[in-house]
Amino acid sequence: MPEDNLSGDGGPPVDIDISVEAGDWPDEAGLARLVDRAVDAAFAETGVTGRSELSVVFSDDAHIRTLNAEWRGKDKPTNVLSFPAFPFAQGGPLPPMLGDIVLAAETVSREAALEDKPVQNHITHLVIHGLLHLLGHDHETDAEAEAMEAIERAALARLAIPDPYA
């Protein structure tokens, strides 16, 4: 069984605030375990060290659609959005607050069903994906997408979760 604390420094790299605001999600304690493991795995793969804070909001399609329209000009729900609190340059020091990751219940569940994977695995992947955005990664170009997906695959492999891109 993979260890829950993969950062190796005796504690989690970030103080995580979890909020279940809307939608049909697993219990909050289960979500907290998924998020903790996802964050530890992402930090282990990126080599980022230090301490920070992170907010993860579990919401629904209606809420994320509003956020997506307001912040990205896309009037439709999406699976995950990330909102950095401060600019973060890869290789730089962690800011005191990384930002917010927001997930949408209906979209996450629908995608997991379509891809025939456990919803917990999909949640874990999306938390890692959202966190990588907060850590300065993106997927606007093919090269960026390949680099980001490689980190996601490696972080998920640490947790014995199959490659979501296979």
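Numbering starts at 1 and runs along the chain as it is shown here.
A Cβ is built for glycine as well, from the same backbone N, Cα and C atoms used for every other residue.
Copied over from Swiss-Prot, here are the features:
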BINDING   H129, H133, H139  Zn(2+) binding site
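Structure coloured by features recorded in Swiss-Prot.
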residue: H129; record: Zn(2+) binding site; Cβ contacts under 8 Å, 6 or more apart: V80, M148, E152
residue: H133; record: Zn(2+) binding site; Cβ contacts under 8 Å, 6 or more apart: S82, P84
residue: H139; record: Zn(2+) binding site; Cβ contacts under 8 Å, 6 or more apart: A145, M148, E149
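Neighbours of the Zn(2+) site: apart from H129, H133, H139, residues of the same chain with C-beta atoms within 8 angstroms of the site's C-beta centroid are S82, G130, L132, H137, D138, M148, E152.
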